[in-house]
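Features as listed in TrEMBL:
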DOMAIN    42-108  domain 'HMA'
DOMAIN    125-191  domain 'HMA'
TRANSMEM  288-312  transmembrane segment
TRANSMEM  318-343  transmembrane segment
TRANSMEM  364-386  transmembrane segment
TRANSMEM  398-415  transmembrane segment
TRANSMEM  547-573  transmembrane segment
TRANSMEM  593-613  transmembrane segment
TRANSMEM  928-951  transmembrane segment
TRANSMEM  957-977  transmembrane segment
Amino acid sequence: MAPTTGDLQLTSPGAVEHTDDLEDVRLLDSYDTNDVIHDETKRIQVRITGMTCAACSNSVETALRSVNGVTEASVALLQNKADVVFNPSLVKDDDIKNAIEDAGFEAEILQDSGPAAVGGSAAVVVGQFTIGGMTCAACVNSVEGILRNLNGVKRAVVALATSLGEVEYDPNVISKDDIVAAIEDAGFEGSFVQSNGQDRIVLGVGSVYSLVDAKVLEGMLSDIKGVRQFRFDPVLNELDVVFDPEVISSRSLVDGIQLGSNGKFRLHVRNPYARMGSKDGSETSTMFRLFISSLFLSIPLFFIGVICPHIPSVYSLLLWRCGPFLMGDWLKWALVSVIQFVIGKRFYIAAGRALRNGSTNMDVLVALGTTASYVYSVCALLYGALAGFWSPTYFETSAMLITFVLLGKYLECLAKGKTSDAIKKLVELTPPTALLVVKDKGGRAIEEREIDSLLVQPGDTLKVLPGTKIPADGIVTWGSSYVNESMVTGESIPVSKEVNASVIGGTINMLGVLHIQATKVGSDTVLSQIISLVETAQMSKAPIQKFADYVASIFVPTVVVLSLLTLLCWYIAGALGAYPENWLPENGNHFVFALMFSISVVVIACPCALGLATPTAVMVATGVGANNGVLIKGGDSLERAQMVKYVIFDKTGTLTQGKSTVTAAKVFTGMERGQFLTLVASAEASSEHPLGKAILQYAHHFHFFDECSPTSGTKSDAGDFKSGWLYDVSDFSALPGRGVQCFIDGKRILVGNRKLLEENGIDISTEVENFVVELEESAKTGILVAYDDVLTGVLGIADPLKREASVVVEGLRKMGVVPVMVTGDNWRTAQAVAKEVGIEDVRAEVMPAGKADVVRSFQKDGSIVAMVGDGINDSPALAAADVGMAIGAGTDVAIEAANYVLMRDNLEDVITAIDLSKKTFFRIRLNYVFAMAYNVVAIPVAAGVLFPSLGIQLPPWVAGACMAMSSVSVVCSSLLLRRYKKPKLTTILEIVVN
């Protein structure tokens, strides 16, 4: 029989043997394998056949470490692989192979194992892994502990709500496959998603129908220069390729395969986030299938116990004795056995791995409760057959318990899926294809072709039709249109785009046709960085989560102890005659009566609700924030923001529009106005300061009466003004906090504030001082100019306040937050601006580095301080603040210093960020109150505390239903945050709108 493609594994071209490994390979590694590292040590990987258990792997490790010259040896049982580091001057590859074979196993040196430096300086890789099978905070703690203890792992964070783990590791010490193996060794399902250290692409492949097609694909990949390793999954029709980007690009790789097959193989790039979403959907489908199967088998049990006794003809068949048992008992035993050990197998597997790792979780409780009920029922049947005394059985208890737990898991999967909608929506913003404009050497367009948008490269010219999405970040090179950026920045008004304007990938072109040149693609785009920020926030843990982790670590053992105490108390009480015999079930005894209470205690307790209380709320909040243009970097940021006492605003570009314009220009010497402006513009042409750009544009407009907006102030605009009319400048230097100085025709020119001129001994006359004071008292900045050590003139520059500034300041004050303004400007200008906006506490003439000191001064009494800045000059203060908010960062969202990124250039989002944080932590506290109250109330009721007085007894299956619903209710509570609406300033300010 011909072999199938199911077992086909494709590997690196030119490899001696085929292997199913796909190791990470560093960008500049040689293709030659098993290199000597540092001339002293060498690393190889060995495939081992014949290992069946941990004892085998320990045996191999012992054998390897006993070889003289071997410095490190680790064996992965599930991967059947050993990683060995040794001194090649003392031991050879064959010696290692012989040592393994002498231990009784087969060994094979892997020729495609890449070199790895021992103690080298390779960059640390941050990898993302999916982790299946986690049910509560105890599972998370277990996985995190295992990952952090791995050699080579620097950091590991696991999120229950997203079933994701983020691991920072050294690829020279440990590979991604080793991490996956560690996860699987712990009893969970693990798979690699992506990392920042990969030159890797995953492609969906169509038209691979047979082994012959797969062999053709393998041959083509082997012939493509730059392809390092590859693996084809015939089940998913996925091709996983590692390549050298210095040799071949991802698009050239795809084109090479498609052209080489004459179009037979249809390829498309698999988005890693979309692949993760499909796995989430698969888990939900699995839970639904298990629930339906359990329900389908439980219905006959309900009919046997409730309906059939009222139908004599059917009931007589159930009472027919078949061997030692009644037919009804046989049927119940058979149905429940399938539910218990086939459908409910996952609970035993999960409980086993938890116990193996020295932890306990929800699955342990479910396995204990259902097993106790099932084992008792079987023993009751066997005892009845032997002794003739028939006790009641509780098979239906196990069946109903498993059914309700699976229903809860299914509903929980649905709810958790809803919490990750923000990332799904962001991923969907990327269009599937892009229209590439192919040009000849002369730059003329010769054709247009459609390509996968994930294959766009920097420098590509893309055609964007009206009504379609822009596939990548770029610059408009031809055409004009309006672009809807609301899905990224939250700004609803379409933005005009002309030539040289920047565009953001994922936004929608409204009207005209545009040609754009791609500048940022892949993980560098604004959209990808937004996704990364949201994902990082959802992976993070708020400090309050530590409480849940601690409770989870002691919860299950405590419940098991309480269950045993319940059993003993009721049994001893019955044996001593402390309660009447009529409390016992029919044909029951004291042990059975006590056992039902004990099982109810086990199954009603729910640590899942505690574990989900914080992460689900944080996930929903980050998604809601992203939809409103507020990107939150973590749960700890949310926790601090809801306690903010002071909000410190930078002035320029934060409270003001950041669009400086020259409103006055006065010359105090006999110099002509035009010459004066040309001198100042020449000095400021090399400056990057916004005020310098405003001066340059004003001077250009004065001379040429151009139509350029004097408020654009972009770097490209400034570059257009610098030719043909400016003086030659030498020895230019920027003086932070003071201004600039340079030399023109050998004469020094100074442009800046009073401090600059005073430091250089230049007198400021009373006339000049009065003019500058007048400017400053009208909230304008006075710029003094000295030429050849003589004060020549003054420029007045205004930066209008944002229209919402004063209302937002008043709104913060109404919320109990104290607003503060900090600026490098002079005191008079600062006071004038502060008075206009309504801020009483002002810190002026502060250098950029000194803003961080201002933040720290407010933190001395333990107050939580937020800093709002433009994310560029204010980064030290943003980092020093408890909550850093970078505002107006729509094209630069990767601001490391900030905790919040406010995509819109609107101060109202400061209030939104604080309000959302408060609403989120109110929901988290509510979740904890509910989860704790549920367990505090439910466990005593299940133990029978109310039975003597009120006769209330919870059967185990009812307890199971309550447990299943508790975790679902917490998730649904968090989902209510999706209804969050941004606060209206009119409401905050108590303004009545007629």
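Note: Cβ is positioned from N, Cα and C throughout, glycine not excepted.
Non-local neighbours of the transmembrane segment (288-312) in the same chain are 318, 328, 331-332, 335-336, 338-339, 343-344, 346, 395-396, 399-400, 402-403, 406-407, 409-410; each lies 6+ residues outside the stretch with a CB under 8 Å from one of its CB atoms. Sequence-distant contacts of the transmembrane segment (398-415) (same chain, six or more residues past either end, CB-CB distance under 8 Å): 135, 280, 283-284, 287-288, 290-291, 294-295, 297-298, 301, 335-336, 339-340, 343-344, 347, 366, 369-370, 373-374, 377, 603, 608, 612, 616, 956-957, 959-961, 963-965, 967-968, 971-972, 975.
Outside the transmembrane segment (928-951) by six or more residues, the chain places 544, 547-548, 559, 562, 566, 570, 579, 583, 597, 600-601, 603-606, 609-610, 613, 959, 962-963, 966, 969-970, 973 with a CB less than 8 A from a CB of the stretch. Cβ atoms under 8 Å from those of the transmembrane segment (318-343) belong to residues 290, 293-294, 297-298, 300-301, 304, 308, 370-371, 374, 377-378, 381, 385, 393, 395-396, 398-399, 402-403, 406 of the same chain, restricted to positions at least 6 beyond its ends.
For the transmembrane segment (364-386), the list of distant contacts is 324-325, 329, 333, 336, 340, 344, 347-348, 351, 354-355, 392-395, 397-398, 401-402, 405, 556, 559-560, 563, 592, 595, 598-599, 602-603, 605, 956, 960: same-chain residues at least six beyond its ends, Cβ to Cβ under 8 Å.
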